[in-house]
């Protein structure tokens, strides 16, 4: 986490005090949660869905939260804090200190012979921090001790796993392990983040406003890795929580069953968890605040640099990645189309970026559809032209219709998928492309279906003297909720036109699909029926498919409808309502039930 720079007293679960530049501890104001911003936190680059689990989350023996080594003092304080949590004892008094920072913003380092093959990658990771902050990483020399007033330095070596101490923890060699499988740019940037004083982002006290921690999916004995701190013991410098921080856990860290251990409260942001591509703007802003990169006496009268920027020795603003302008006031714009959207309208159209033109390489788009509680969502693909692969491994559109936090079915090529129907009121569609070969993409329409399976008293009697069963309805004052089509099931229920008993809308095409248990049939009785009247039902009409392709050979409109019950041929029945551009009426209401024949 970028935030949590350790204190000199007890910190919730883990403590790591950082030393002030002068060597004196510097007390900071009491921390309060930063305000939540209306805009989304952004992370550089297109992120695939989901991110591969970061190597730094793989458990290292003796490490806390996978990749953080603790000093003896920190281990003792951590145990005391855990004991306090378990017993409910009042926390020991602690004051926020931003201590154990590296003095003068200079971090001496050595790269051991065991890591010589990784030296270019390690240097690139340090350059990334230098390019976006005022920190400087310098090869260790004999003069550093005299110039900086300490003997501390980072020592990169090829140890077991990926891990680092937090902040300036020793007055001597401080190791960072870049072991097997850890030699990736983002992983090394992450470990250096720990070394300069960052903790994991999901440890912040305000994390529950942004993420869900799913303890039921966490390995037994690993729950402490998901502990969070309190504002009385940590500081965020008022920088907003960032699910795209390079210091954030991925979605599946320490999973016991292959299911997520962390999800974002906004499902569209799940793909940002665990990114190891680059520092996020919020990472950069916090580092520059913590290390007081803008604290130059000669620039006291200069305008403040914004968005994590800081003044150089000439009092010009140095802007972090993603911003420019004299004061870093301008966000760098991109021509890449925005493709993270949330849909709540009852109907809509979703397309891949640039449709009907070709989508770009390296896209990662997330579309969330959410209806009212109790509703379902139907998604119909009308166009599909995506790079093909038997397992859709290259480019794909994925539909999550049951659990939006679990993998869904992937589609690619030119074959239109079947209609996708959600089991609840949410659906998540992601579209990803690799670095080569593109197509036109996809186009799909959706509709939110308000379920209208209001239960009615079972007062049906089947006559033994007639070939078609009839129904006698109970006289009730039930509330009827109409809809423009939908899927209906169960043993009995009710369907009605949109807005019933008020007039339905113009320009409708509503399809109602009623399906009961295999081996049974659907019986339908109209309670009310008033559509715009016309001799041949050319304007507004209702047609009925009794299943197995059998349709009634007439359209119904006006006030004319079958007086007897309609019975399906198979276990399903389909009703289609059509309205034109003018004149509407009350519509219809009908009850259905499953029967045995």
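Note: Cβ is positioned from N, Cα and C throughout, glycine not excepted.
Positions annotated as signal peptide by Swiss-Prot, on the basis of sequence analysis: 1-16.
Taken from Swiss-Prot, the feature region 'Disordered' covers 24-67.
DSSP assigns residue 190 (Zn(2+) binding site) to a helix. Per Swiss-Prot, the feature Zn(2+) binding site maps to 190, 194, 200; the stated evidence is sequence analysis.
The active site feature in Swiss-Prot is assigned to 191; the stated evidence is sequence analysis. Here the Cβ of residue 191 (active site) has 24 other Cβ atoms within 10 Å, regardless of which shown protein chain they belong to.
Listed as Cβ neighbours of the domain 'EGF-like' (295-329) (distance under 8 Å, sequence separation of 6 or more from its ends, same chain) are residues 42, 44, 131-134, 278-279, 281-282, 284-289. What Swiss-Prot lists as domain 'EGF-like' is 295-329, and the listing cites sequence analysis.
The annotation domain 'CUB 1' is assigned in Swiss-Prot to 339-449 on the grounds of sequence analysis. The predicted model assigns the domain 'CUB 1' (339-449) a mean pLDDT of 92.
As annotated by Swiss-Prot, domain 'CUB 2' applies to 484-595.
The DSSP breakdown of the domain 'EGF-like' (295-329) into helical (H, G, I), extended (E, B) and coil residues amounts to 3 helix, 6 strand, 26 coil. Cβ packing within 10 Å was compared across the binding-site residues 190, 194, 200, and the lowest neighbour count falls to 194. A Cα-Cα distance of 11 Å separates residue 200 (Zn(2+) binding site) from residue 191 (active site). According to DSSP, the secondary structure content of the domain 'CUB 2' (484-595) in residues is 0 helix, 50 strand, 62 coil.
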